[in-house]
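A.B. asks: Annotated Zn(2+) binding site per TrEMBL: 5, 8, 48, 51, in sequence order. Here TrEMBL flags 3-75 as domain 'ZAD'.
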């Protein structure tokens, strides 16, 4: 059964042992996949090269997204702009926003498959008048 990828059922390039401590695939998969991976569950213990790249990229993407959220919230706090549970507002709430704060944010993007230079992003943050 180890000749089948545990994630996509491919039989090609199934070279990556999930529980190899050096690659930490088990940890990466356990953090973000919606099902449990157990060492003794009798399912395949390997994944293919393609899935291994996806797991690593997704792990990195999730961690970067978490870091960016933290940076953006820090910028809001430093600017004196309150944020809270209303981060995802409805269209009618969005219409009640009255001013815009333009913030330039420097984001570094890098994945396992591609490496980009730092990217300047302009973010418009709408501030609700109280």
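Backbone N, Cα and C atoms are what each Cβ position is placed from, and that goes for glycine too.
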A.B. asks: Count, for each of the binding-site residues 5, 8, 48, 51, the other C-beta atoms lying within 10 angstroms of its own C-beta, and report the residue with the smallest count.
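C.D. replies: Comparing Cβ neighbour counts within 10 Å for the binding-site residues 5, 8, 48, 51 gives 8.
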A.B. asks: By DSSP assignment, list the helix, strand and coil residue numbers for the domain 'ZAD' (3-75), in that order.
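C.D. replies: The counts are 35 helix, 4 strand, 34 coil.
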A.B. asks: Near the Zn(2+) site, what residues other than 5, 8, 48, 51 in the same chain have a C-beta no further than 8 Å from the centroid of the listed C-beta atoms?
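C.D. replies: Neighbours found: 6, 7, 9, 10, 14, 47, 49, 50, 52.
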A.B. asks: Given the model, what does the mean pLDDT over the domain 'ZAD' (3-75) come out as?
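C.D. replies: So the average pLDDT across the domain 'ZAD' (3-75) works out to 94.
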